[in-house]
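**Q** Would you mind keeping the following structure in view while I ask a few things?
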Amino acid sequence: MAMAMDRIVFSPSSYVYRPCQARGSRSSRVSMASTIRSATTEVTNGRKLYIPPREVHVQVKHSMPPQKLEIFKSLEGWADETLLTYLKPVEKSWQPTDFLPEPESEGFYDQVKELRERCKELPDDYFVVLVGDMITEEALPTYQTMLNTLDGVRDETGASPTPWAIWTRAWTAEENRHGDLLNKYLYLSGRVDMRQIEKTIQYLIGSGMDPKTENNPYLGFIYTSFQERATFISHGNTARLAKDRGDLKLAQICGTIAADERRHETAYTKIVEKLFEIDPDGTILGLADMMKKKISMPAHLMYDGQDDNLFEHFSTVAQRLGVYTAKDYADILEFLVERWNVETLTDLSSEGHRAQDFVCGLPARIRKIEERAQGRAKEAAKNIPFSWIFGRNIRA
């Protein structure tokens, strides 16, 4: 559906993007996606059964000018020599069984008993955050699908030999271990309702994600740079909390996953660094565009069949525990601005200079807004039941 628009207004829901002005350079190819679900209305239409609990929004497609496809073709040699070095050979990689009780061992039951004893020291709110992180990792099919929507770098055949396609498949293979490991650990812990968790994973993969990357690899790689650092921080903090509570094995697990995320973050930031080198104006415009729309978390369409605001509630608990906070969001942006030398960019268009000023000033603005929001959040705190922990209430 093609349509002209000066401004798109979205729902005021906490995790729906704020209004942003459509630029003239954008493709006119957009599609409307209705994402409304009522928890109390039984829906018989098969398609509607899988629509996530979000408001109507507009999806922009293929916003990158076709002439810029050549940039990514020309970078294949660089990707082969630089990007792929951030992958680890399978034979040198850790596997989930390295951290779990050994089922073939005579001591298996004792090992499981020890694991469950350690987990007794961990509070319910910690498990809510750990489960949310695990569910996010388990939706990996969606993330590989997202990368393969990006023009110029997608895997065109499913087994393409281009370095971009090799990276996507191998990155996915490395990430696949994260959800596997956390899932098995949580299953053995006996502290969580695995059926509700499994339902949430199925709902989430079926719902997909809406990162607003528009098939545009500039936007896509900016998004992944931000997200990999966010997951590095989140897993690092769950490791710290597990250590504080005496579960050193779980701390090791979360720390190992965090190390993978840090390596992947470095790879994606290298791509964007290269884009800034080749096309500073186009890249700064892409960065400003993504920040105006706000970076959504990859599991923002999370649903368990009961709570239409599940992701918001999970995020609130993560914020309260200090696992992933609005301060982290601002810190990540500030880190990337410094990493990519955004403040010192030259040879920009007037629009590029405005984008540069916006991005460089944004971390301070986010922090000011967050300070005010924290006061309101404390006043509005309430108990929220989480199906993942058998319906027990958590302060959020």
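The backbone N, Cα and C atoms fix where each Cβ goes, and this holds for glycine too.
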**Q** Have a look through Glu121, Glu137, Glu312 and flag the one Swiss-Prot assigns to the Fe cation 1 site that Glu175, His178, Glu261 belong to.
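**A** Record source Swiss-Prot; matching candidate: Glu137.
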**Q** Could you look at Glu138, Glu198, Glu228 and say which one Swiss-Prot places alongside Glu175, Glu261, His264 in the Fe cation 2 site?
**A** Glu228
**Q** What's the CA-CA gap between Glu228 (Fe cation 2 binding site) and Glu261 (Fe cation 1 binding site) in angstrom, rounded?
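**A** Roughly 6 Å, rounded to the nearest whole number.
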**Q** Cβ within 8 Å of the Fe cation 2 site's Cβ centroid: which residues qualify beyond Glu175, Glu228, Glu261, His264?
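**A** For the Fe cation 2 site the neighbour list reads Trp171, Glu174, Gln227, Thr231, Phe232, Asp260, Arg262, Arg263, Glu265.
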**Q** For Glu137 (Fe cation 1 binding site), list the number of other Cβ atoms lying within 10 Å of its Cβ atom.
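**A** Looking across every protein chain shown, the total is 25.
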**Q** Do you know offhand how many angstrom separate His264 (Fe cation 2 binding site) and Glu137 (Fe cation 1 binding site) by C-alpha?
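**A** The Cα atom of His264 (Fe cation 2 binding site) is 14 Å away from the Cα atom of Glu137 (Fe cation 1 binding site).
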